[in-house]
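J.: Sharing a structure with you now.
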């Protein structure tokens, strides 16, 4: 009887030790850049190869990767970064050390703020607040991965408050106190494509209005010049008819020649002839 009791106690102890050694399954949420379905399938295969992984779900649109199983989330993140050579963010659960660091940083920031408030301001002048601007950018959206990359780069830039995307027109509207030129440079470097700043409609309307005004002013000046030239002639200038005077023509005129004739044989005049009895006599 004593031996049977000892065997039962040993079995219970062994079962308790197994339960203690087994780590409970947890849900780990990671954030990775997944450009397309091919990238997502590769990352899922890589995660499934790790020990303790039970299920893996990927969302390529948001770059979210959900993993369940008995595993260490920090080690999983580090190994995934090594294999994929991409930045992997651990959304949940956060390790205790990182939480403690965040709490310390928050406390330090609060202390600094309180000290700054206590210090007297040497300059009473307040710094000028940068105005909130709205910039419209034009660039090509190739696929869902490109859209996610654009959203990530824009949200990381300093001073951006919000953004909206128009996929049909390929327009990106950004609101905030950021430097638009720097934002354009960052996007063109990371995406390796042309990014244009679309000017607002008001500026275009003003430019068109100025051009029309200049044309009207120029036409009025010409009309004024014509009126001045007409007034110099007085009242006669109004009723004066304009005509083109014909230039004098110089030509070489020849009289028409007579018809061609033949010599006619006629008798010589008999007025002073001696043979004519009726002729005149010169004394």
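Note: Cβ is positioned from N, Cα and C throughout, glycine not excepted.
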J.: If you look at how Swiss-Prot annotates this chain, which of 82-131, 132-181 comes out as region 'Disordered'?
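T.: So the range that Swiss-Prot calls region 'Disordered' is 82-131.
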J.: Labelled region 'Disordered' by Swiss-Prot, one stretch among 1-26, 27-52. Can you tell me which?
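T.: Spelled out, Swiss-Prot records region 'Disordered' over residues 1-26, not the other listed ranges.
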J.: If you check Swiss-Prot, which stretch out of 198-238, 239-279 is marked region 'Disordered'?
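T.: Per Swiss-Prot, the stretch marked region 'Disordered' is 198-238.
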J.: Counting Cβ neighbours within 10 Å across all chains shown, tell me which of the binding-site residues 36, 39 comes out on top.
T.: 39
J.: DSSP on residue 36 (Zn(2+) 1 binding site), three-state: which is it?
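T.: Going by the DSSP assignment, residue 36 (Zn(2+) 1 binding site) belongs to neither helix nor strand, so it counts as coil.
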